[in-house]
């Protein structure tokens with residue numbers, strides 16, 4: 001009996017203990033195919049992303065080793081593959097560019113510290129904080145990242161050499177060095193870009209060879225559609241491999257006209273603990289000194305990584321409950337362990353998730369096969385990596401991030417709720433003109449301001465009810481809780497309506513409380529003052545269907561005696577009694593009508 005709670009805790013920490021109970025050969029085959037397919041995309045892509053961080057291509061591969069092996073223990077979403085992404089590569093570059101203790105030391109330490117923070121956030125169940133970032137802000141931030149990343153790679157696409165950290169800086173440098181474009185680099189880069197777009201498009205005419213709805217011909221699956229699909233999702237390998245062969249033959253013939261990747265060290269990285277103390281160029285740096293140089297990045301990187309990871313996990317949860325805190329734990333462990341293998345900060349990618357989903361992945365075990373493929377490439381293929389042209393890797397990055405620009409979501413925002421374009425536009429422009437980190441903070445602040453504004457300025461429904469049976473009255477319906485930010489506003493709106501729209505015939509004022517679930521002390525005092533104002537203007541207030549806690553607040557803070565009607569029938573009795581006392585001689589009319597106005 002004592003084992004059950006322990007087993008339950010272990011299953012929560014290690015989800016593999018739950019889903020592995022039903023693991024079988026069919027799932028293993030699906031995971032193997034998915035892992036290999038993702039690996040063929042990941043290897044050239046991770047090398048290209050490493051160039052975004054101004055690191056050697058081997059660091060992209062180092063960063064791709066551990067994600068699959070660690071996530072299989074702690075992760076819950078089969079489609080997720082933790083590895084380098086364009087976003088974190090760019091953020092890593094901008095925050096480690098000016099460190100004085102060595103760029104390699106900086107990226108590894110940043111990976112470790114970010115992992116620790118992500119792990120702590122998961123343990124403390126802080127996943128709910130991600131919900132405070134709205135979809136328009138996330139879409140704007142993602143689009144800005146895609147535009148910035150693509151802009152930063154134009155220089156490699158054209159064979160230019162310069163350093164620029166921002167979107168504006170990149171384009172300024174491009175025009176400044178426009179006369180230094182290398183003809184053959186530009187031709188190859190643009191050709192690769194067009195080829196990648198073409199290969200991506202042919203996926204629309206293919207289908208996964210193991211998909212249930214794949215086209216059949218005479219009872220057999222369509223091999224042509226399967227081949228088209230496989231070529232399309234392997235387009236990075238096809239283009240990079242073809243350009244590498246071209247560069248190899250050009251070099252052997254003595255025509256070194258292309259800018260190639262630096263030599264990639266062969267073999268696996270040294271397994272070491274993250275740098276706690278560093279001696280670099282004769283100077284000693286302590287852990288505190290190094291973290292202080294990294295500055296705000298130790299919080300920006302985990303925030304961005306968690307934001308992206310949780311969003312992607314939700315997209316592939318397929319309607320099931322997704323434990324954001326557990327995903328934060330998994331991401332943190334991937335970064336902590338990865339830092340021991342020379343990794344820079346990593347998280348999930350929507351592109352890899354989409355490929356996994358299309359290939360029929362069943363469990364996170366697919367990540368193990370992807371990791372094995374990366375290890376094999378580091379062991380046997382590194383001599384060939386030095387022949388990969390830089391314009392080709394630039395084309396791979398640009399094509400990968402173009403799909404991140406949220407054009408479709410922008411159209412939906414315009415169609416559904418135009419006010420959401422405000423945080424979207426401000427976030428997008430701030431990210432592009434000021435910087436990604438400041439831009440996302442500005443976007444979140446705009447979200448909070450809009451949220452506070454909606455809380456402080458709730459809608460109020462005004463109805464002038466004219467009924468000869470019970471008398472004419474004004475019915476006022478606040479549409480949300482009344483708290484201190486909105487209390488004075490509601491009072492002013494009611495008094496303004498009374499001064500501008502009310503007539504002497506509406507003696508009674510009915511406040512419908514069925515939508516008011518909360519009222520604080522300040523709100524109660526404001527309503528008490530409003531009742532006094534209305535009384536001075538020969539008006540009497542009745543509260544309709546208030547909750548008990550609302551009645552308690554009103555009775556304790558209002559100087560006046562309050563009238564409460566718990567039902568519509570009780571309200572009509574109050575109104576009829578008041579009418580008989582005030583206008584006993586008035587004859588009743590048969591017709592009644594209602595005018596509704598929303599403010």
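For all residues, glycine too, the Cβ spot is worked out from N, Cα and C.
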Segment assigned the feature transmembrane segment in TrEMBL (from 426-452, 453-479, 480-506): 426-452
Stated TrEMBL location of transmembrane segment, expressed as one of 266-285, 326-345, 346-365, 366-385: 366-385
Correct range for transmembrane segment (source TrEMBL, candidates 203-226, 227-250, 515-538): 227-250
Candidate ranges 44-68, 69-93, 169-193 [criterion: TrEMBL lists as transmembrane segment]: 69-93
Annotated range (TrEMBL: transmembrane segment) out of 392-414, 553-575: 392-414
For the transmembrane segment (294-316), distant same-chain residues with Cβ under 8 A (at least six beyond the ends): 76-80, 82, 85, 87-88, 91-92, 95-96, 99, 106, 109-110, 113-115, 117-118, 121, 127, 130, 133, 138, 322, 324, 327-328, 331-332, 335, 345-350, 353, 357, 437, 440
Result, the transmembrane segment (105-126) in contact with the transmembrane segment (392-414) (3+ CB pairs under 8 Å): no
Distal contacts, the transmembrane segment (105-126) - CB-CB under 8 A, six or more residues away: 53, 55, 59, 63, 92, 95-96, 99, 274-275, 278, 280, 290-291, 293-294, 297-299, 301-302, 305-306, 325-339, 342-346
Two-stretch contact, the transmembrane segment (366-385) and the transmembrane segment (69-93), at least three Cβ pairs under 8 Å: yes
Secondary structure content, the domain 'STAS' (482-555) (per DSSP, counts of residues): 42 helix, 12 strand, 20 coil
